[in-house]
């Protein structure tokens, strides 16, 4: 019986479970036992009084009647920061990846220098350098601070979700630039390696059809490269969500910053940080499912 037939048998909604062998079950049992022992030792050794009722009350109770709870403001700020950071990193990363392959030295060398510089500097160090030495000069030069100071219009719910409060737009701008510039260096290498993986014969076939450079890339090269780019790109975007927690060190009120404030003010260190971890887990698992479906769709499109 083929694998596809096995997956469609009635009464077996989870065919992956039926494919587990004895060694798999043994490893699952050992891992479950280890996790149970770890939880037991933590509860016995730490002597910590868990107060989940107060923790849930803190994260679900808003400070004002017409506002979201502070915890969920940080959660949405993380989504906002990650979303704009992904968009900026994807655009810049693709441009850098193409410049990295350019025959023009004027384009190739600066792109290569930037990629090597960012990839060999710790993200935390890059954030401090960028925020205090570059962003502090860039924002005034763009006049963003004056625009925000004079902005007095109300914003609707969609603008509030996408951009947040107007008084925090400057922080959002700096945070998006920080995480986007870091991720773009890695995305550039993903794009470059994906294009380089295309067989030379594909390029020659495109040339023989008389296609222009843009049509050759759009119709032949990029669709094939996309199947190799999507999996590592998904991992990089998920890493961007997790790396956005570093931005809390420059006082941008995302989930880690908010969790730190709530934990320090309430004394519920373990409960709040576990809930912060659950928040990041929800975001990353959601992205993982989304990119898995996108990868499957791109593979089906290529097989047509």
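Every residue, even glycine, has its Cβ placed from backbone N, Cα and C.
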From 249-271, 272-294, the residue range that TrEMBL assigns the feature transmembrane segment: 272-294
Positions on the same chain near the transmembrane segment (25-50), where near means CB under 8 A and six or more residues out: 270-271
Positions whose Cβ lies under 8 angstroms from the transmembrane segment (172-191), at least six residues beyond its ends: 80-82, 84-90, 92-94, 96-98, 100, 111, 114-115, 117-119, 123, 126-127, 130-131, 135, 138-139, 144, 163-164, 225, 229, 232-233, 236-237, 239-240, 243-244, 246-247, 250, 252, 254
Candidates 117-134, 219-238, 272-294; stretch with most C-beta pairs under 8 Å toward the transmembrane segment (70-96): 272-294
Contacting positions for the transmembrane segment (219-238) when only residues 6+ beyond its ends and CB under 8 Å are counted: 82, 86, 89, 183, 186-187, 190-191, 193-195, 197-198, 202-203, 205-206, 211, 284, 287-288, 291-292, 294-295, 298-299, 301-302
Same-chain residue ranges lying at least 6 outside the transmembrane segment (117-134) that approach it to Cβ under 8 Å: 174, 177-178, 181-182, 184-186, 189, 243, 246-247, 249-250
